[in-house]
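Chemist: Let me give you the structure first, and then I'll get to my questions.
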Amino acid sequence: MRKMLAAVSRVLAGAAQKPASRVLVASRNFANDATFEIKKCDLHRLEEGPPVTTVLTREDGLKYYRMMQTVRRMELKADQLYKQKIIRGFCHLCDGQEACCVGLEAGINPTDHLITAYRAHGFTFNRGHAVRAILAELTGRRGGCAKGKGGSMHMYAKNFYGGNGIVGAQVPLGAGIALACKYNGKDEVCLTLYGDGAANQGQIFEAYNMAALWKLPCIFICENNRYGMGTSVERAAASTDYYKRGDFIPGLRVDGMDILCVREATKFAAAYCRSGKGPILMELQTYRYHGHSMSDPGVSYRTREEIQEVRSKSDPIMLLKDRMVNSNLASVEELKEIDVEVRKEIEDAAQFATADPEPPLEELGYHIYSSDPPFEVRGANQWIKFKSVS
């Protein structure tokens with residue numbers, strides 16, 4: 001009896017040292033999973049599409065919430081650092097579009113491939129880079145994911161090919177990656193992303209044709225955030241049904257503000273490609289809260305009321321949060337704890353990104369050759385020999 005009382009006393013003493021919210025979360029019984037209805041996708045040249053119900057586990061829900069919050073807070077910190085002139089040059093933020101980058105990653109395998117345009121910070125994080133490496137890249141430091149030489153538009157990770165600065169230029173490259181997957185006999189797909197503004201580029205239609213001709217495992221994905229720079233889709237495109245643009249390629253129009261919709265559509269599209277049927281096209285209807293880039297205030301071609309309406313009615317993070325709380329997958333207190341942890345991670349990363357040294361000037365010529373060339377290469381400074389991977 002004494003031993004039992006002593007054990008109870010130790011447990012109570014330990015609980016007393018923890019915040020009340022943590023004790024409450026630890027003692028509460030949560031559901032392991034829940035089933036949700038999701039919006040039906042519009043289909044093109046498909047007899048059936050992704051399911052309209054899906055199961056979300058508590059583990060996955062917490063993971064998705066943390067990932068989306070991290071991307072959101074990272075982008076807001078980048079905005080702050082840019083306004084302090086610590087980050088310079090081009091910078092395109094993706095806050096508001098978190099369900100796209102996290103949902104796409106949730107629907108594929110780590111061995112699958114992804115290439116996108118210049119709004120790439122979220123994808124870089126989801127493909128495996130730490131926040132500190134991304135922010136350090138934005139500030140041009142040695143600890144950046146491209147060693148401080150790529151900046152906002154040119155970040156890379158394993159099976160992630162950027163970050164590309166030329167509008168639409170990544171789409172033929174994505175088709176080429178899909179060709180490599182098929183040529184090497186690998187059960188892999190390539191997610192090839194572009195925006196609604198780039199959707200009118202001629203090279204995209206050329207890539208459609210080759211991918212369909214050779215039945216490449218390529219998922220063409222149009223992130224339709226309604227505006228190409230400052231031009232609304234209605235003013236730029238004769239048809240805004242981007243999921244039908246492939247004509248002879250099947251297509252899906254997906255609610256890009258709902259991570260579960262994006263996840264299920266991506267799984268469906270990946271399975272279609274892996275079955276050997278060829279490419280498929282996805283249009284993700286989403287919205288960016290910031291302007292096109294940091295030089296764009298974002299309110300000259302749309303109203304503040306429009307932005308606020310999307311924030312209040314369709315925010316991807318709030319949608320997931322409400323689902324999890326209302327279905328007993330998580331508590332408000334638990335999600336607030338994640339928010340606190342994410343904010344600390346972002347602040348620590350920002351400190352690293354401002355304190356880490358810049359790369360030395362001679363490193364400008366590094367990483368041009370895959371291996372050290374057998375001859376001396378002279379650049380602007382004839383006494384510096386360019387190196388490769390060092």
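Glycine too: its Cβ is placed from the backbone N, Cα and C atoms.
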Chemist: In Swiss-Prot, the residues N225, Y227 are said to bind Mg(2+). Which of D196, D247, D255 is said to bind at that same site?
Modeler: D196
Chemist: Write down the one residue from H129, H292 that Swiss-Prot lists together with Y118, R119, G165, V167, D196, G197, A198, N225 as binding thiamine diphosphate.
Modeler: H292
Chemist: By the record in Swiss-Prot, which of S232, S239, S275, S327 is the one labelled phosphoserine?
Modeler: S232
Chemist: By the record in Swiss-Prot, which of S293, S312 is the one labelled phosphoserine?
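Modeler: Looking at Swiss-Prot, the phosphoserine feature maps to S293.
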Chemist: Of these recorded positions, H92, K267, K313, which scores lowest on Cβ atoms within 10 Å?
Modeler: K313
Chemist: Specify the nearest of the binding-site residues R119, D196, A198, Y227, H292 to K313 (N6-succinyllysine), where nearness means the distance between Cα atoms.
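Modeler: Nearest by Cα distance to K313 (N6-succinyllysine): Y227.
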Chemist: Just checking, which of N225, S232, S293, S300 (recorded positions) has the fewest C-beta atoms within 10 Å of its C-beta?
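Modeler: So among N225, S232, S293, S300, the recorded positions given, the one with the fewest Cβ atoms within 10 Å is S300.
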Chemist: Once near-sequence residues are set aside, which residues in the chain of K277 (N6-succinyllysine), 6 or more away, have Cβ atoms under 8 Å from its Cβ?
Modeler: K215
Chemist: Taking the Cα atoms as reference points, how far is H92 (pyruvate binding site) from S293 (phosphoserine) in Å?
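Modeler: With the alpha carbons as reference points, the distance is 5 Å.
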Chemist: Closest to H292 (thiamine diphosphate binding site): which of the recorded positions K63, D196, Y227, K244, K321, going by Cα position?
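Modeler: Result for H292 (thiamine diphosphate binding site): the nearest of the recorded positions is Y227.
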